[in-house]
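Asks: Quick one: this structure, given as structure tokens, is what I'll be asking you about.
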């Protein structure tokens, strides 16, 4: 029995050691240990100057969070770029002949440019940090040691600094390339497989929800799967970027993986839209739904759902067999019915799609027959069941949203061909960057003619001023001011500057503590303090334990304690995104304190350490505290860029993008397309393809825009109340409402398809005018709401109601249907085109309702302008009519069964 337990324990330990998480932590620990060993050797052999040895560990720690070969390669290349930029900066500093004004001006401009780049794109953080450190170290050494001369001593110091950084980069790269390398493609396939599995689960849960066979726990599972799919898509994008840096791939290249990601995002959006519609609870509360819809559709819907799930799981199984794989992935691949080897030999038509297509056509036919039956006078359910708009909408979403799954499946199958690069992509599967043709400006009222050159300079001046006031520029300005103040301390109090180790701890502390917005700076205060304090305490403990009676530090003991610290904090840096800085800063503060104490152990008076461990501890703790406090103060004093302000700008951009999405969708429903398209596309087919491409592009951009809002909300909650209390609940409701609008528009996109509504040709001028009024009201409100968020201004009084304008359109539609003079076209009344048209109208009902909700939320946030004429307004009785859609639907039903006209 004991033997079995021991074997089980050993098996568990072996499995744990084989896991990628443990192996990644092991690589991070080995890299840091090798860096420490290099410092210990350098301290004995004088390989590198003691003043630059800390740079080796900075280069190692800064890339600790990377886990794949591609991520380390990207980090190494960017760190090398930072070393080269820093070397150029150091050289220019050395040529300034000791002018403190020149030093200050050059450092200000250099730090500003580097941190502007860092704020614009976070992936350049390693490069900008290393270049900033080297620039300041160049000023420090030129001012304190070489009297401003770029002599041989200064050049040697520059060379040693470059070698120190390069040594850290090389250690990281070699360890992760030759010791248990992990390829990003392996993780990428796991993420795609998890996404496909989640999509299959969602299809099953959605089907059973429509058939009224789910439980409350399963509904919660459905919501969790939707959230998990969204999070997985963000990680997939990062892994694709890492895989692009690796030297080899499988038969699937980066372009193929990017296309798969785009299709996964589209499917995720459709599933999210269906989930949002299910939350309306209209199906569960509709009387007679089970008899009219659920039971007749049960067999066809179950068959279709099963085919979709098999296709998604089959895609996952086949994907696991390509390129670098783990043993688990190979086992998953072998489970598939068709061997991957067949696909590798060109037989890429093995994935059966006939059953899937046939199942979908059968489901579609049955569903349309049910819809037609609802409007027939012989319907047996006319007395006790009248289909509500929401029920029709939900059924249409099942029909049109599931179209995307088999289409995605067909396209994904072609990715598994070994001749993927020779195939031709479908027009509707390519996301292009077409945009609206810029409109010609109106004629100027000024009679003075402006030359093309003056217009060019005017445009560039405006663009420059906009960039100068941008959040990236403000962040670069703050960091440049902070480093310039450190330079002033250096020029006036250089002994104090050197004693307290401000060249390293002070510089890095300021660079790390200041963040692009105030909320992020304040949110990371606790994180920065926690990481730095723990690293300093561990350094104090290590140096105290491993010091003998002759004040000599034991390098073996210090190396052992380095390993003990690196294991947990490397794990934190690699696996916890929110507290990643804790791990990085703990490793950095420990490395800096340990390196300085060890290298300067004999440089103090009488051969004693230059600074005792306790003195080193409180020096660095004081510097860290001052850096963090100074960063917080600077963030508020110099052009405070509040996180809530950035949040408002992001939400305003989302509203503007929703307006574009809505405009393109509405344009697709017209028989004659509008003229705001590229002039070079002459035929209608080309125009429609261009507009479909615009719709696809806009729809694909929305998830990334929403994903940035959650972090900004968290930052806005903790920032100082310079603009009053942050109303987090109102902003959360605002984002939720915008998400609902996007879900409704995606449902409308499914109903719209790629063809105009033929029924539109039979509508009267009155219906067209009401439709135009509704669309104009919608766009006007979206524009006002976006402007209100951008400029933080109250809303105008007496805004039009989007829901009322939609209700007016519905009333006009009813009057036209009841009109005896309307065309009696039974073929139009029983066409699938009308079902699409009706579904579109119902989606617009929910869009209108949510847009009015936006007005209520923004009014609560920013208020409403006073209206001096409100006492002259008559009582509006139209509000009571908004809840009478059931009565109007009954009238429409009566008109339909009497063979009256329906547009």
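Even glycines carry a Cβ here, placed using N, Cα and C.
What TrEMBL says about a protein is an automatic prediction, not a curated fact.
Got these off TrEMBL a minute ago, pasting:
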TRANSMEM  31-48  transmembrane segment
TRANSMEM  75-95  transmembrane segment
TRANSMEM  101-117  transmembrane segment
TRANSMEM  124-143  transmembrane segment
TRANSMEM  158-180  transmembrane segment
TRANSMEM  475-494  transmembrane segment
TRANSMEM  500-518  transmembrane segment
TRANSMEM  525-547  transmembrane segment
TRANSMEM  553-573  transmembrane segment
TRANSMEM  582-600  transmembrane segment
TRANSMEM  620-639  transmembrane segment
Asks: Looking only at the recorded stretches 75-95, 101-117, 475-494, 525-547, which one has the largest tally of CB-CB distances under 8 Å to the transmembrane segment (582-600)?
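Replies: Most Cβ pairs under 8 Å with the transmembrane segment (582-600) come from 525-547.
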Asks: Quick check: do the transmembrane segment (75-95) and the transmembrane segment (124-143) share at least 3 Cβ pairs under 8 Å, counting only pairs 6+ apart in sequence?
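Replies: Answer yes, regions in contact.
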Asks: Within this structure, do the transmembrane segment (500-518) and the transmembrane segment (475-494) have 3 or more Cβ pairs under 8 angstroms, counting pairs 6 or more apart in sequence?
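Replies: Yes, since the transmembrane segment (475-494) and the transmembrane segment (500-518) share at least 3 Cβ pairs closer than 8 Å, they count as touching.
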Asks: Applying the under-8 angstroms CB criterion, which one of 124-143, 158-180, 500-518, 525-547 scores highest with the transmembrane segment (101-117)?
Replies: 124-143
Asks: List, by number or range, the same-chain residues at least 6 past the transmembrane segment (124-143) whose CB is under 8 A from its CB atoms?
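Replies: Non-local partners: 51-52, 55, 58-59, 62-63, 75, 78-79, 81-83, 85-87, 89-90, 93-94, 96, 98, 100, 103, 107, 110-111, 114-115, 117-118, 149-150, 154, 157-158, 161, 165, 479, 483, 486-487, 490-491, 494, 497, 503-504, 507-508, 511.
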Asks: Among the recorded stretches 158-180, 500-518, 525-547, which has the greatest number of Cβ pairs closer than 8 Å to the transmembrane segment (620-639)?
Replies: 500-518
